[in-house]
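The next block holds one structure in the form of structure tokens; read it before the comments.
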Amino acid sequence: MSIHIAAQQGEIADKILLPGDPLRAKFIAENFLDDAVCFNEVRNMFGYTGTYKGHCVSVMGTGMGMPSISIYARELIVDYGVKKLIRVGTAGSLNEEVHVRELVLAQAAATNSNIVRNDWPQYDFPQIASFDLLDKAYHIAKKLGMTTHVGNVLSSDVFYSNYFEKNIELGKWGVKAVEMEAAALYYLAAQYHVDALAIMTISDSLVNPDEDTTAEERQNTFTDMMKVGLETLIAE
């Protein structure tokens with residue numbers, strides 16, 4: 001057991017999907033995994049281990065924001081030996097070419113958080129995805145016919161930002177979307193020498209406000225990213 005995860009050693013696979021919403025973790029376990037067993041209910045942050053196409057895979061919620069995913073990802077890596085971590089979540093488009101329900105693979109993650117600067121105040125340490133996972137995910141998504149964008153994202157510390165226009169301005173510099181977790185996940189992956197990737201479904205748009213989705217859609221649909229994430233985890 002770790003501080004925030006109730007699993008015993010051996011109950012969590014070395015490959016895991018990380019949705020922010022614990023109910024999305026439950027949805028993935030019930031709809032994609034065979035023989036799924038719940039290994040964690042602490043703080044209602046549900047985690048499950050099962051099999052996908054014969055491969056042992058886990059899925060667990062992380063909550064919202066970089067502090068929350070940092071806690072769970074670190075414990076999964078350090079206490080349970082997880083080697084491949086793929087975030088599957090939602091993001092808001094910052095780019096007019098990126099539309100609702102399309103996929104974004106975060107090649108890198110800029111951030112306005114001090115989560116990295118606290119450790120490296122003298123450097124702008126880049127948060128980047130595992131190239132191996134990124135390459136596999138891109139080709140899997142294209143093979144499945146999914147509209148997929150690859151590029152930089154913004155991992156924001158603030159959801160209700162007072163600097164809304166600044167976020168939109170980043171879209172003009174090629175930033176695809178804004179979300180709240182990828183930079184922290186990539187930073188931990190660099191620190192502990194594991195592989196990480198963030199796959200997001202666009203749930204709304206900061207530049208096309210007429211594009212939107214409901215809370216129920218965000219919880220129970222967006223299955224494309226789940227399929228890509230699972231296929232990427234088991235790809236040789």
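Cβ coordinates come from backbone N, Cα and C, glycine included.
Per Swiss-Prot, the feature active site, proton donor maps to Asp204. Within the same chain, the residues at least 6 positions away from Asp204 (active site, proton donor) whose Cβ sits under 8 Å from its Cβ are Gly92, Ser93, Val100, Glu211, Asp212, Thr213, listed in sequence order.
Per Swiss-Prot, the feature purine D-ribonucleoside binding site maps to His4, Glu179, Met180, Glu181, Ser203, Asp204; the stated evidence is similarity to another entry. Counting only same-chain residues at least 6 apart in sequence, those with a Cβ under 8 Å from the Cβ of Ser203 (purine D-ribonucleoside binding site) are Thr90, Ala91, Gly92, Val100, Asp212, Thr213, Glu217, Arg218, Phe222.
According to its DSSP assignment, Arg87 (phosphate binding site) is in a strand. Per Swiss-Prot, the feature phosphate binding site maps to Gly20, Arg24, Arg43, Arg87, Val88, Gly89, Thr90; the stated evidence is similarity to another entry.
Counting every protein chain shown, the Cβ of Arg218 (site 'Important for catalytic activity') has 18 other Cβ atoms within 10 Å. What Swiss-Prot lists as site 'Important for catalytic activity' is Arg218, and the listing cites sequence analysis.
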Cα nearest His4 (purine D-ribonucleoside binding site) among binding-site residues (Arg43, Val88, Gly89) -> Arg43
Span of Gly20, Arg24, Arg43, Arg87, Val88, Gly89, Thr90 as binders of phosphate, largest Cα separation rounded to whole Å, comes out at 22
Of the binding-site residues listed (Gly20, Gly89), the greatest number of other CB atoms within 10 A surrounds the CB of Gly89
Quick tally, other C-beta within 10 angstroms, His4, Arg24, Arg43, Arg87; top of the binding-site residues is Arg87
Expressed in Å to no decimal places, the gap between the Cα atoms of Glu181 (purine D-ribonucleoside binding site) and Arg87 (phosphate binding site) is 8
